[in-house]
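J.: Heads up, here are the entries from TrEMBL:
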type: DOMAIN; residues: 37-256; note: domain 'CWH43-like N-terminal'
type: TRANSMEM; residues: 38-59; note: transmembrane segment
type: TRANSMEM; residues: 127-149; note: transmembrane segment
type: TRANSMEM; residues: 161-181; note: transmembrane segment
type: TRANSMEM; residues: 202-218; note: transmembrane segment
type: TRANSMEM; residues: 238-255; note: transmembrane segment
C-alpha cells in the first residue's frame, strides 16, 4: 500500500468514508511511532555505518586503503575504498544501506504526495513525479554502488556512483525550487522554515563538495602530489553527509506525522 500523507475522513465506526481502513482503525493498530523518531533512527544507519568504515580502514587497512597509482602519501581513504574494498567494512556498509532503504523508498512516495499538494495550484504536478523518480533512482544507485563495489565490478560501481551524484543534485535542486515557487516564508511554520533553510544550505554545500572533489581528483591524477587524494576523499565525505542531511530535513517536513504498523494492512503514514 502506498503511504498516505493527508488525513482521511473517519466515520464514527472508525472506517474512512471510502470504506477502507481509517485513522480510527490505525490508532488501534499493533504499533505506532512518531515519524521523527523513525527518521532519526533510519538516517543514523548510513551515518554510523560510513563513519565506522572510515575509522576501521584508518586503523586496520591504512596502507592499502590510502594507496594510489601515484605512490604518494595520503591520510584518508576514498569513499569507494572505505566502504567496499575490505571486511568488515563492506558488510557494515551494505547492511546499513539495505536496512534503511525500504523506509527511504516509502518516504519518496510520501514526498510525492506532499509535492503534489504543494503544486496543485501551479499546474506543475509533473514536477512532483519527476522528483519522486529522481529520488528513487538516487536511492537505487546508492544500493547498487554498495552491492557492486569498485574492487569486484568497477564498471557497475562507476555507473551507479555517477547516477547517484547526478540524480541527487538534480533532485535537491528540484525540491528547493518546488518549495520556493509554492510557499511564502511568512506562511511557513517554524519547522517548515527551518527545513527549507537547511535544504538551501545543504544544497550549496553538496554542490561545492562535488566541485572540490572533481578538482582534487584531476589534480591528483595530473600532478601526483602528497595528500591531494585525501582532500578528494574528504570532499566525498562532505558530499555524502550533506546528502544525508538534506534527506534528514523530512523530520521537519512531517514533524507531526505518525507511522502505523498494522499486522493486516501493513505500513501507513498519517499527518496527525
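All residue numbers here begin at 1 and follow the chain in the order shown.
Positions of Cβ are set from backbone N, Cα and C atoms, glycine also.
Annotations in TrEMBL come from automatic prediction, not curation.
I would like each feature placed in context: is it buried or exposed, what are its neighbours, and how far apart are things?
T.: Predicted-model confidence for the domain 'CWH43-like N-terminal' (37-256) is 93, expressed as mean pLDDT.
Sequence-distant contacts of the transmembrane segment (127-149) (same chain, six or more residues past either end, CB-CB distance under 8 Å): 80, 83-85, 90, 93-94, 97-98, 101, 104-105, 108-109, 111-112, 115-116, 118-119, 156-157, 159-161, 163-164, 167-168, 170-171, 174-175, 177-178.
Residues 165, 168-169, 172-173, 176, 228-229, 231-232, 235-236, 238-239, 242-243, 245-246, 249 of the same chain lie 6+ residues outside the transmembrane segment (202-218) yet bring a C-beta within less than 8 angstroms of a C-beta in it.
Listed as Cβ neighbours of the transmembrane segment (238-255) (distance under 8 Å, sequence separation of 6 or more from its ends, same chain) are residues 5, 35-36, 39-40, 43, 46-47, 50, 79, 104, 107, 110-111, 114, 165, 168, 172, 191-192, 194-195, 198-199, 202-203, 205-206, 209-210, 212-213, 269, 271.
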